[in-house]
Amino acid sequence: MRQKTLDVLEFDKIKSFVASETISDLGREKVSKMSPATDFETVEFQMNETDEISQIYNKHRLPSLSGLAKISPLIHRANIGGVLNVTELNLVKRLIQVQNQFKTFYNQLLEEDEQVVKYPILNDKMNQLPILSDLFQEINEKCDTHDLYDSASYELQGIRSKISSTNQRIRQNLDRIVKSQANQKKLSDAIITVRNDRNVIPVKAEYRQDFKGIVHDQSASGQTLYIEPSSIVEMNNQISRLRNDEAVERERILTELTGMVAAEADGCLIAESVMGQIDFLTAKARYARSIKGTKPTFYKDRTVYLPNAYHPLLNKDTVVANTIEFVDDIETVIITGPNTGGKTVTLKTLGLIIIMAQSGLLIPTLDGSQLSVFENVYCDIGDEQSIEQSLSTFSSHMKNIVEILQETDKNSLVLFDELGAGTDPSEGAALAMSILDHVREIGSLVMATTHYPELKAYSYNREGVMNASVEFDVNTLSPTYKLLMGVPGRSNAFDISRKLGLSLGIINKAKTMIGTDEQEINSMIESLEKNSKRVDEQRIELDRLLKEARKTHDDLEHQYEQYKSYEKKLMDEAKEKANQRVKSATKEADSILKELRTLRDQKGADVKEHELIDKKKQLDDQYEAKSLKQNVQKQKYDEIHAGDEVKVLSYGQKGEVLELVSEEEAVVQMGIIKMKLPIEDLEKTKKKKEKPSKMVTRQNRQTIKTELHLRGYRYEEAVSELDQYIDQAVLSNYEQVYIIHGKGTGALQKAVQNHLNKHKSVKSYRGGMPSEGGFGVTVAELK
């Protein structure tokens, strides 16, 4: 894509914002190379890649990437025989640590949330990460942040131990000298210091002859000599030899560790590449959150729909968002309206958002944006007059337009700002229309701004062209920056003049001079503006309702998944309990069989072997392995009748058969829900004997329903009605009843459940299953 376009649309500023969100040079390097892709698959992949990280970033706290650094130069040096120092080895160690932490984080996501498989790109990156635990362990055990540990090798530990003990002896020797009363007046200061890596004491020059040893230095005034006493010369020499030995051993260990790094060179480079990309994508995610970015959907057919788009470089708290759309077969949009009304900002918003999207950045629009992939974006925006070339504004623009017309094609987007401006209005308007015709013949998508009234009629004479305008508030005498698609701009001169106090006589006379047609056009445009405003308001309301519907759908879907998961858990637990019982029974049977055989052998009891084996097999056949699917006994058509109590296997709920529709289907009542279900999904259950009732007759039960409707009740009424109903239900020997309170604000549901929680006749309660009415129902189990 043209660099000139990226510069005019200020894409470099977007990149600088993203770069500020990176942690490492690896991420910043990738941001610096970020540019719009033009291949459909690449654009879609980059967007999905960013969206995956953004989803995780918005839900979870990502592991820290601090300390991540570029190590490829170090790997190269290790491969050609160089030796890495401790600081460089720590950079390798930190890379491994960062990748391990991120992989652990991702694995925890997999365990906690099965939905994480919807991140296939990130999953692939995590699978690419190599196992470098051994290398990490070696570096970690031998290096701290500044130096090798004493324990890095047996030899190093021994050398440093000798250095320490020798230094201690030297210190003790010098302490005796400097603390001696006889030497107090001979020393410049009672301290031990170091010169030329040797331990020395500061002696006054006039007492030089009193101290045998080597003079290593003197003060600037010459009054103090730094002398190494002869008593410690040999010990200092020993320290020097040990320091050399330490350096040799240190080099050997670093060489060994560097060799290990070289052996894992490929893995380290893969880790660097993946974690650098993670840093880059995380920076994109952070920036997306700051602009409330959303993911667009890309189409191979030419499409542009940007709901409530705004320019990301403007203050999002004050900028006016506009829906930019090329509807149906529209290929050219012409924006008219007042200067400083936001026409140029609209052009830049469209161009910049497309560049951002094709660079894998989430875009500043509402959800639901749709875009196609453009091979290039061309723009002629702003005053690019060249002083060096002595070009006028018109000439400068025309030179740029000529270049655009030579390069653009049907897969390009072209943005013209004030097309044809800077010359005679009639000639400029004619040129503008001719240029637009030419670009339309090429097939490019075009958005242009103009103040020429001739271009308002342009769209009515050509197919695929739409007018648009920026709104002007005549009451405040200022633009609203609101884009009106499909509505041409109109002159506000008369309204503004009247608002400013110009006499109506002058205004009315002026109106007669412009002709009836022009006045009718302005009236028509004013009507279109009002209709457009009303449509926008309706669209906003529809968007709100759609969001609410989607949220409700997602909530219900999530609850259904929870229900299915809970149902599976209960089934597994039931199977496990059943298996344990069968195992116990089998074990008991084995014991009995053993006793019977023993009895037969001892007393000759008349028990046949094959009969014992048959009994044992009957018990074994009852066992159901946990891994097998639920083995349910299917009821034949002639075994289920209307009025039978059954268990609906797919829902795990009890119900009553109301009607047999055919040999395959029956109508079943489950609580307040009637459903037509396959007979193979039904399991006949035994009716429980009713408890005798002293208070009411059997006839009374039939008059009490299993559900109580409380929708529309106030709190006091609902509680009173609920108490009476529960008393009647208990007397009727009901085990379970349904309280229907509806969803609403949830206040009535809360009141009902709080009261049930305290009621002495209520054993437990729960929210309704989806098959029972969901949130709008509470199911109470009675004592």
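Cβ coordinates are placed from backbone N, Cα and C, and glycine is handled just like the others.
Around G342 (ATP binding site), the same-chain residues at least 6 positions away in sequence with a Cβ under 8 Å from its Cβ are V320, V470, P479, Y481, L483. Under the heading ATP binding site, Swiss-Prot lists G337, P338, N339, T340, G341, G342, K343, T344.
If you look up Swiss-Prot, you'll see 708-783 marked as domain 'Smr', on the strength of sequence analysis.
Annotation for T344 (ATP binding site): spatial neighbours I381, G382, D417, T449, criterion Cβ-Cβ under 8 Å with sequence separation of six or more. Applying DSSP to the domain 'Smr' (708-783) sorts its residues as follows: 35 helix, 19 strand, 22 coil.
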